[in-house]
Amino acid sequence: MTVSSSVTAPPDGRMMHARLMNGDRLTQAEAAAFMHEVMEGNVSGVRLAAALAALRVRGETPEEIAGFAQAMRASAVRVQVAPREVLLDVVGTGGDGAHTFNISTTTAFVVAAAGVPVAKHGNRAASSRAGSADVLEALGVNLDAPPQLVADGVNELGIGFMFARNYHPALRHAAPVRADLAARTVFNILGPLANPAGASHLVVGVYRPELTRMLAEVLRLLGAKGATVVYGSGLDEFTVCGPNTVTGLRNGELICRTMHPEECGVSLHPKEAIVGGSPAENAEITRALLTGGGTPAQRDIVALNAGAALRTAEQVESIAQGVARAREVMASGAGWDLLQRYAAHTQRAAS
């Protein structure tokens, strides 16, 4: 007697390329299977370029992006932090071309000093002069600290930084194609979705307003407990230069709104007031802000982003409350003390 199995075979990633070229939409599982083949180096450069171009023309679905991110997470070097209710990442897609100072990096240390565990995932500069990795390196952080030391940073100090290049080695198979295309592809938005420590709560900045709802839906599909996705009038983070397009994920529901800085107790400022410079110059701005200094515009934009992060992590009842808490932390110098302790912690690997 033949016994039929009710177990469905996993999708064959090798067949998904043809589906994409036909204009078909993939399920999350199918997209994950295709990206797994990419991560394994089993998709030729020509086929990958064609698939990325087809996706760009047709437009990716939330399920496809979630599947791609799922495969990236599976292939990443893991950072095993102790179980906790909240583990936050504050990250942007980049690509806004605004050349601001390192707002999300500074924000991460303010939020961690306020008591929220942070596992920040970041890279060197792509479209700016100084990425999060560049400025943290300038501040004495060892970017090549091993995963266990980064996990210990989260567990013992409340913060860890994961240099993306070290945690996603499988992306090397896609790197030549991405460089040759010289255009935005789905890979530009996957990095913030593939935190190697498995952040439960995320603040994600994006470079187009229509991506706010899209990525919030992706994060819901990926099981995030809470998230805020923002486009800040040309910035891939909350801005103090105009309105913010925001989609929040809370209790499994998406809430879309336009948020003005004045609602949260911060003033409007011109974009020129938040421009940064070289890694050394941005490191000095971060140091000033974490020790209670900086300009009013710099303080306001970090306080706003930190306030939103504290709200996302469910530590305050409103962004305005979070802004007030962030101002207290910056004035106290606790964020700078934390950064110095974390830098010393990472240097243990080099000694």
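Just so you know, glycine gets a Cβ as well, placed from its N, Cα and C.
Database features (Swiss-Prot):
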- Gly92, 95-96, Thr100, 102-105, 120-128, Ser132: 5-phospho-alpha-D-ribose 1-diphosphate binding site (BINDING)
- Gly92, Asn123: anthranilate 1 binding site (BINDING)
- Ser104, Glu237: Mg(2+) 1 binding site (BINDING)
- Arg178: anthranilate 2 binding site (BINDING)
- Asp236, Glu237: Mg(2+) 2 binding site (BINDING)
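Structure coloured by features recorded in Swiss-Prot.
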{"residue": "Gly92", "record": "5-phospho-alpha-D-ribose 1-diphosphate binding site", "DSSP (3 states)": "strand"}
{"residue": "Thr100", "record": "5-phospho-alpha-D-ribose 1-diphosphate binding site", "DSSP (3 states)": "strand"}
{"residue": "His121", "record": "5-phospho-alpha-D-ribose 1-diphosphate binding site", "DSSP (3 states)": "strand"}
{"residue": "Arg178", "record": "anthranilate 2 binding site", "DSSP (3 states)": "helix"}
{"residue": "Asp236", "record": "Mg(2+) 2 binding site", "DSSP (3 states)": "coil"}
List the same-chain residues at least 6 positions away in sequence whose Cβ sits under 8 Å from the Cβ of Ser104 (5-phospho-alpha-D-ribose 1-diphosphate binding site), in sequence order, or say none.
Val90, Val91, Gly92, Lys120, Gly122, Ser132, Val203, Gly205, Glu237, Asn305
Return the residues near Arg124 (5-phospho-alpha-D-ribose 1-diphosphate binding site) by Cβ distance under 8 Å, restricted to its own chain and a separation of at least 6 in sequence.
Gly131, Ala133, Asp134, Arg165
Could you check which of the binding-site residues Asn123, Arg178, Asp236 is the closest Cα neighbour of Thr100 (5-phospho-alpha-D-ribose 1-diphosphate binding site)?
Asp236
Just counting, how many other CB atoms are there within 10 A of the CB of His121 (5-phospho-alpha-D-ribose 1-diphosphate binding site)?
26
Those binding-site residues of His121, Asn123, Arg178 having Cα within 10 angstroms of Asp236 (Mg(2+) 2 binding site):
none
Pairwise Cα distance for the residue listed as 'anthranilate 2 binding site'/His121 (5-phospho-alpha-D-ribose 1-diphosphate binding site) [Å, integer]:
20
Test of understanding: give the count of other CB atoms lying within 10 angstroms of the CB of Asp236 (Mg(2+) 2 binding site).
27
Please give me the CB contact count at 10 A for Arg178 (anthranilate 2 binding site), counting all chains in the structure.
17
Per-residue Cβ crowding (10 Å cut-off), top of binding-site residues Thr100, Asn123:
Thr100
Given the binding-site residues Gly92, Glu237, which one has the fewest other C-beta atoms within 10 angstroms of its C-beta?
Gly92
